[in-house]
């Protein structure tokens, strides 16, 4: 049995895919790297330049240089027990799917973005995808795995997850890392890189109503959310941090920051703005979903969550409360908490902590995480959360209105290392107060 990594000379393969493969049980499994790059040193040396690997793992790895429009070198390698994994530019996908149809294989894993446009995705959809899994590793983050069950089984949380209580929902991803050396990012931008996949899936998870513990039901529920989503294109804003052009050594109108408001046309979420915020070159790495409650239900929220009305120093009266938020912090805390703002100071009440969430994650996937789960599942034929072609198509349809336009004349510029651009803060306030 073999795992073939297409694009094995790339950043993702070297930073995440090969390290994940080295941490799972690969007894009886060989690993083949395939890419256009020709090396004048052993591929094992290439891998060791960016990671630490055991001699046992490196002995399993071979490397084949070759083009993506001619996979004849793989005919002797790939058989009905071979896992194929796409970690190549999405512009290559159509060509690669065409060539792979000439090979035997067990299953294909496909990295996001699934194509470089909605048109190219529809071309991909025209191939036989019966043995293809579209991958989004955010669906395998511990809190994202646990979230449907937490919402379903925590009475207070389930009660407040609707427009009867919620004023707005922010889905936020902040990264310190910029675009340094990443030509892939400059071609795609933050919307195609993050929003079309990871942030869209987080929206689907938090807004869906899953009544039974089933991955199929969870996926269907996300799809129902996406069918009802509309992007407010007039209020979207796009930014680029001020050092970006210097870092990539060329002029660019690629957005490194975006704020995307979305409405969900269902009775449950009608008139609640969902605001996706994603940025690189920020002051911290943080991923979280923030549900802000309406002022008229503050007291009810405090009662529902049985939150003590006493901070560390004094009693908190309802009329002193400025804001009440329910936060699903995916990173770095990995916990669910209620946050009450009193006198400008937040009082936090943890509802589900990291230890509990890690336990729920272990119940679902054992001791593996992220790409370890993906490769172990593909190799062993196990079920795991992934994206169907129908779900991927719906996400393309939701975000295509802002993916298909030039943003060159729309960009604002922000300082690298900022907490949040003032342009985004002002627009978020305007949307919430509308």
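One is the number of the first residue shown, and numbering goes on along the chain from there.
Including glycine, each Cβ sits where the backbone N, Cα and C put it.
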Of 159, 170, 175, 303, residue recorded by Swiss-Prot at the D-glucose 6-phosphate site of 112, 137, 138, 139, 140, 141, 193, 280, 285: 175
NADP(+) 1 site span - longest C-alpha distance across 7, 8, 9, 10, 11, 12, 13, 14, 36, 93, 112, in Å: 20
Recorded positions near residue 112 (NADP(+) 1 binding site) (Cα-Cα within 10 Å), from 140, 175, 198, 286: 198
From binding-site residues 7, 9, 13, 36, 286, the one whose Cα lies nearest residue 138 (D-glucose 6-phosphate binding site): 286
Residues near residue 36 (NADP(+) 1 binding site) in space but at least six apart in sequence (CB under 8 A): 9, 65, 66, 67, 68
Which recorded positions sit within 10 Å of residue 175 (D-glucose 6-phosphate binding site) - Cα, from 11, 198, 286: 286
Cβ-Cβ neighbours of residue 140 (D-glucose 6-phosphate binding site) (radius 10 Å): 23
Largest inter-residue Cα distance among 112, 137, 138, 139, 140, 141, 175, 193, 280, 285 [record-listed D-glucose 6-phosphate binders, Å]: 22
